[in-house]
Amino acid sequence: MSGELLHARPFTRFTPPKHPRVAMVSWLLRTLALTLAVSSDVVDVFGARIQTPFIRLPSDAAARRQDVKDIFLTSWNAYKEFAFPHDDLTPLSESFTDGRNGFGASAVDALSTLFIIGEEEIFEEIVNFTSHIDFTISHTTDTVSIFETTIRYLAGMLSAYELSGKKYPALIKQANILGTKLSGAFINGNKVPFGELDFNTSIPVIQTSNIAEAGTLTLEWSRLAKYTGNDTFRALAENSVRQIASLPAPIPGIPAQGIDPSTGQSVGAFVTWGGGSDSYLEYLIKYARITNTNDNLFADTWATAVDSSIHTLLRTSTVGNHTYLADLDDSATIRHVGSHLACFMAGNWIMGGKLLNNNTIVNIGLALNEGCWNTYASTATGIGPEAFGYISSDGDFTGSGDPSPGNLAFYNRNGFYILPGNSDYFMRPEVLESNFYAYRATGDVKFFERAVSATNSFATFLKTPTVAFAPIDDVDSTDSDFIDDMESFWFAEVLKYLYLTFDDPNRISLDNFVFNTEAHPFIAPAEKPVYGSGKLRSASEFEPFKATSGPLPLVSFSPKLPTKIPDQ
């Protein structure tokens, strides 16, 4: 595929209105703004901005922030009492798990949120704790995930260092130790890292990975390179993305989900914006923004992925006219499925569309956000499920069998149905993340009100009979069983995105910060006028795609724990 980027925003000509003086003043101001925007000597000042300057916080914003802070502190106090310094709280059994190698995942992952919500004393306590973690070994028998450890631990330390005004150099020392250990996933000159590493032997696990895990290091490792002076970190992460971006792809810009680090080649032909591919696509445009690189590979590959997704994956439900992105399976068959994980793409398209000055992408991002929010608005709890199916004009195939009569009845009411075995809410952030981007980009108060609704639903349906909050097994039941695990992204992502939706938009502005996939904000340079060349990547840049066989790729999300304890 080659050519101009889909529907680039046209030049707008203003005509003076035949109106009284107030309208004439308005026209003059708009004309002046346009003149300034296209003037070469000030275009950098009026560059590719994401946030609208016209956000008016409702009068109850402070109260809503306090609601989120109360949920955070209730969760935090329970974690400190029953789980710290371990990774995660199990709120029903009032104990802990160490699924992230026992480094204290919830504590480190919470650092940037603690700073943002103003809990300075706790923040300093956890900085001190983090400064003494032994990152040279795993504190469990588990191997270490390069992806999860990067987005939670490494990013948590780097973001806290920046947010605090670089007050704690021990965080960089620790990040350097951790990054050095993680770099052991690159062996034998491989451009693509293996996904898992035995920290105690520094030997990676030789197995298939996926593009999300292999392509979601650039933000964190380039920032680590900046503060350590060791550019190898950046080069390793960036070269992995370059390798992935060079691969033949089932549709332009989106390689197959699976990848073999030993060869750097694709495995299978599955295409999705969901788990296993999600954050690779997310970071293409975010890396372009945080580095302001003049290499258009990153922004242009992202634009090509979006363009081909619009042409190939975009679907509209036959009920409710909701906008979704389908998956494309190994047999090149459209799967009419969506997921909570994939709902990040709405915010990512809003952000990227703004950076490319492309209103078509922004508007489709907003439409995708509406489809994702509908999965919240349509359930008994007001919370969305893990995965869902729908019907569009080309059918209803999901790969999970035909929808049952009950599913069809639900679909006919709501324009989607919950896929069997996927009714749970695992305390994921993606729908609220995209809602946050939509609010900051438009200022439309409905997005603020949706965040209020979600906060109230969490307070009502995730509050356990013991301590803190927990995932639930059935979002369409007001009497659901709980799942005994409160992962660190509850602190790092969900509560941060809610709090920031209610916060002063100029404090952590999307024009001044870039969020990693775990919602840790990094300080960004002043934006460029536009990102990318304005053209799509040409098919001549790629070899013809041929599906390959191999082990099924891993996915980047955590599996639902099997242990459930009913609400007594």
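Glycine is treated like the rest: Cβ placed from N, Cα and C.
As the structure is a computational prediction, the values presented were derived from the model and not from experiment.
The feature signal peptide is assigned by TrEMBL to 1-37. The active site, proton donor annotation in TrEMBL covers E148, E386. The active site annotation in TrEMBL covers D278, E430. Sequence annotations record features per position, and here TrEMBL assigns disulfide bond to C343-C372. Annotation comment: TrEMBL describes T517 as Ca(2+) binding site.
Considering only the recorded positions E148, D278, E386, E430, T517, C343 (disulfide bond) has E430 as its nearest partner by CA-CA distance. The recorded positions close to E430 (active site), defined as a CA atom within 10 A of its CA, are C372 out of E148, D278, C372. Nearest to C372 (disulfide bond) in space, judged by Cα atoms and limited to the recorded positions E148, D278, E386, T517, is E386. E430 (active site) has a Cβ environment of 25 other Cβ atoms inside 10 Å. Note: E148 (active site, proton donor) has non-local neighbours R100, i.e. same-chain residues 6+ apart with C-beta under 8 A of its own C-beta. The Cβ of T517 (Ca(2+) binding site) lies under 8 Å from the Cβ of I151, T216, D278, S279, E282, Y283, F344, each on the same chain and at least six residues away in sequence.
By the criterion of other Cβ atoms within 10 Å of the residue's own Cβ, the least surrounded of the active-site residues D278, E386 is E386. Summarising the environment of C343 (disulfide bond), the number of other Cβ atoms within 10 Å of its Cβ, over all protein chains shown, is 31.
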